[in-house]
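Novice: Take this structure first; my questions come after.
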């Protein structure tokens, strides 16, 4: 590839004392970085013709722009996290330079739009494709004055097709993985049209690529939306499947800024993505897992690793597709390398990213809770004793992980053995011999030997935030 050694020097920061032989993998990564920046960040494919110093700076600035968009550490170099992000399947619409057909911010002038499915993927039945597309349109019509009608022939406002490779729109697909689909802004001709890459496998569940999920995203472009930096938004460029497809509040705000709210008497409200450095952040559940700490909120996890300053935020379904959103408790049993998750009167068990078969199971038959207990507020297990503490309202139970039975004499009042933490526990975990209890925005570091609170901090103090 022309200019590849120069780009290797530029991006990997090799000094002027010599140029090491680039591995085949490294050359492939450089080629991928170059194509990614050309496709999604408007790095012109003739950038190497620019004078050296200016061209070098342009490539680095585009890489920094990409890192900033995805909330990565801005280095201007293709580090491991940047390469990982670039390799994720995504929408083919650029992040900073849209498929512009008309100047300004295009929108449909009429509120009654038509769509036509020109052909069907063999991966799904026609009925499944029709249903996925109809549901995707419904998401947007629920929050706007827009209505959508399917037509079977002729030209529609939004034409939908499954194509592969070069399909004569100046935006060829790249085969399996990579670009999944793309769509064009509102306008005449190709404006509003949606193309799905037939080289990808389309499904109606969590496997491969969920057609409903991708269609809902692409139709956002068809209506005039660009990509969002909010990882919880449907308009986030990378493919995410969280089990339930819904518009985040960020999506709703964006589309209503173009078309206004729906005419429904009650306006739909979407979920918001937690901000790790929000001083008002609270948690649904927390657990240790193989030396890391995972915090759960709604449909998201936040992952704190002692060796990294960055906090990873993503959908729970990325790790465990079958777990529900809104988990209420979680704990680690280190000697079995298991994590148990609780919601309502059900629980699930995983080992690493592997979801064990036979779940969910019932907490009453498995642990011996009385029928009056319909959910667990928080749970934590002690590795040295094999004892697990379950917190429910203002009481707690103690369970023996080796005997697989509840200890006698329980429940007890929380305030008796854990004085000062209050009568309600939202989440808890144990680290280095201390319990960390969470209630609302507060976190209590508790010494079980002295039964004293050692420190009181904000709940998100584990996230290296500058201000709390």
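Glycine is treated like the rest: Cβ placed from N, Cα and C.
The structure displayed is predicted, hence computed values, not measured ones.
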Novice: May I ask you to name which of 119, 142 Swiss-Prot has annotated as N-linked glycosylation site?
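Specialist: Checked Swiss-Prot: the N-linked glycosylation site annotation sits on 119.
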Novice: Kindly point out which candidate in 246, 249, 328 is recorded by Swiss-Prot as part of the Ca(2+) 4 site with 284, 377, 426.
Specialist: 328
Novice: Can you dig out which of the ranges 89-96, 97-104, 105-112 Swiss-Prot describes as motif 'Cysteine switch'?
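Specialist: From Swiss-Prot, the annotated motif 'Cysteine switch' range turns out to be 89-96.
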Novice: Roughly how many Å separate the Cα of residue 198 (Ca(2+) 1 binding site) from that of residue 189 (Ca(2+) 2 binding site), to the nearest whole number?
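Specialist: So the Cα of residue 189 (Ca(2+) 2 binding site) lies 22 Å away from that of residue 198 (Ca(2+) 1 binding site).
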Novice: With the cut-off set at 10 Å between Cβ atoms, which of these binding-site residues ends up with the most neighbours? Options: 174, 284.
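Specialist: That would be 284, with the highest Cβ count within 10 Å.
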Novice: Would you count the other C-beta atoms found within 10 angstroms of the C-beta of residue 193 (Ca(2+) 2 binding site) for me?
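Specialist: Taking all protein chains shown, residue 193 (Ca(2+) 2 binding site) has 24 Cβ neighbours within 10 Å.
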Novice: In the same chain, outside 167, 169, 182, 195, whose C-beta lies within 8 angstroms of the Cβ mean position for the Zn(2+) 1 site?
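Specialist: Going along the sequence, the neighbours appear as 92, 161, 163, 171, 172, 173, 193.
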Novice: Taking a Cβ cut-off under 8 Å, which residues six or more beyond the ends of the motif 'Cysteine switch' (89-96) line up next to it in the same chain?
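Specialist: Residues packing against the motif 'Cysteine switch' (89-96) from afar: 39-42, 65-66, 69, 171, 173, 177-183, 197, 200, 209, 214, 217-218, 221, 226-227, 237-239.
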Novice: According to DSSP, collapsed to three classes, what secondary structure does residue 179 (Ca(2+) 3 binding site) have?
Specialist: strand
